[in-house]
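The next block holds one structure in the form of structure tokens; read it before the comments.
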Amino acid sequence: MGIHGLTKLLGDNAPGCIKETKFENLFGRKVAVDASMHIYQFMVVVGRQGDQLLTNEAGEITSHLQGMFFRTAKMLEAGIKPVYVFDGKPPQLKQDQLAQRTERRADANEALEKAKEAGDQEAIEKYSKRSVRVTREHNDECKRLLRLMGVPVVEAPTEAEAQCAEMAKSGLVYGLATEDMDALTFGAPRVIRHLMAPSSQNVPVQEFDREVALRELELTDDQFIDLCILMGCDYCGTIRGIGAVRALQMIKKHGSIEGMLKELDPAKYPVPEPFPHKESHEFFKNPEVTPSAEIPPLKWTAPDEEGLVQFLVNEKQFNEQRVRNAVGRIKANKTKANQGRLESFFTSLPKPATADKAKPKEDDKKRKAGAAAGGKDAKGGAAAKKGKFGVGGGKK
């Protein structure tokens, strides 16, 4: 579900945290991908005709494999290094949300049958999308596919987005690709949206910078988490009458949900029962994840062409020529991708000490006077500092 209205709130109140970029600008980047969310999207969109999903001759659904194979191939061709992270066991806090989803899916199935009886094609497509359910088999098939493609797979203890955020915070990956904005709430420094969008949609890739978002919103980390909980998340109900704008106002005024509740008029803003905002805050701040140091080394290997043909063509009835062509493009671009980005060959230097800033102004005057006296005859100067890539001798 993500965080209700967070994208718009950031666009209106922290526009500097959003940057549009091009797909190819992520060349050489390691990107953690929320696998479960994207598999669901593939099931909803890829190859759909009315209420019919893409299937093979045996009637087995293949929409998830079609989407996963060709979108992943596109990233690999562009030199992007994806690592797919799959959901583990849902946290206890999410049980109510999952129960609601099951109920909504049942309602959608009932509405779908009525739409079929009425011959309402628009309603048929609408409710069939709402009734989609990703099974363990779909996930396992995608894991098999990715391993055949030479792409690493990570299985999260609980939420994939929390695991992705851990990997991004530690520097194991550049950022995480998802459409759910609660990745920022989990602490991901950089969230990438629309990376998996089909080219036909012509949607620009967006990067969200968490540090800039907090700075422009003028919120601390804890306040940002409380803001997201108030706006609506998977782990806690919402307070009727408090939307995104009012949530931001209240967090800025009271500093926290706890402080807000002490002064809230329950007649005007009824608080649901239960309202596990403290537990939700703790889960966002300290989710159950595998520490990056304990994740096996991420390796991107050459695709197993014959293994992919066996799986996709012989078992799932994919077009063999399309599969082989995609594998050929991946192999052709693998050497280029392995060269990496230019900045990966440079080591960042520590920032210079700032203790001199506290020295008396008299010392500054003496230094300036000395520079003025000897500057004209000194050799080197600014020109001597110019390196191979320009001023400073390095290129970021």
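Heads up, residue numbers simply count up from 1 along the chain you see.
Cβ coordinates are placed from backbone N, Cα and C, and glycine is handled just like the others.
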> Same Mg(2+) 2 site as Asp180, Asp182 according to Swiss-Prot: which of Asp120, Asp222, Asp226, Asp234?
Replying inline: Asp234
>> Can you find which of Glu155, Glu159, Glu305, Glu306 Swiss-Prot lists as binding DNA at the same site as Arg71, Gly232, Asp234?
In response: Glu159
> Which of these, Asp34, Asp107, Asp209, Asp221, does Swiss-Prot list as part of the Mg(2+) 1 site with Asp87, Glu159, Glu161?
Replying inline: Asp34
> Tell me, by DSSP, whether Glu159 (Mg(2+) 1 binding site) is helix, strand or coil?
Replying inline: coil
> Given the binding-site residues Asp34, Glu159, Asp180, and counting only Cβ atoms in the protein chains shown, which has the most within 10 Å of its Cβ?
Replying inline: Glu159
> Under a three-state reduction of DSSP output, how is Arg71 (DNA binding site) classified: helix, strand, or coil?
Replying inline: helix
> Between Asp34 (Mg(2+) 1 binding site) and Asp182 (Mg(2+) 2 binding site), how far is it from one CA atom to the other, in Å?
Replying inline: 12
> Near Gly232 (DNA binding site), how many other Cβ atoms are within 10 Å of its Cβ?
Replying inline: 21
>> Given a 10 Å Cβ-Cβ cut-off, pick out the one of the binding-site residues Glu161, Asp182 that has the most other Cβ atoms nearby.
In response: Glu161
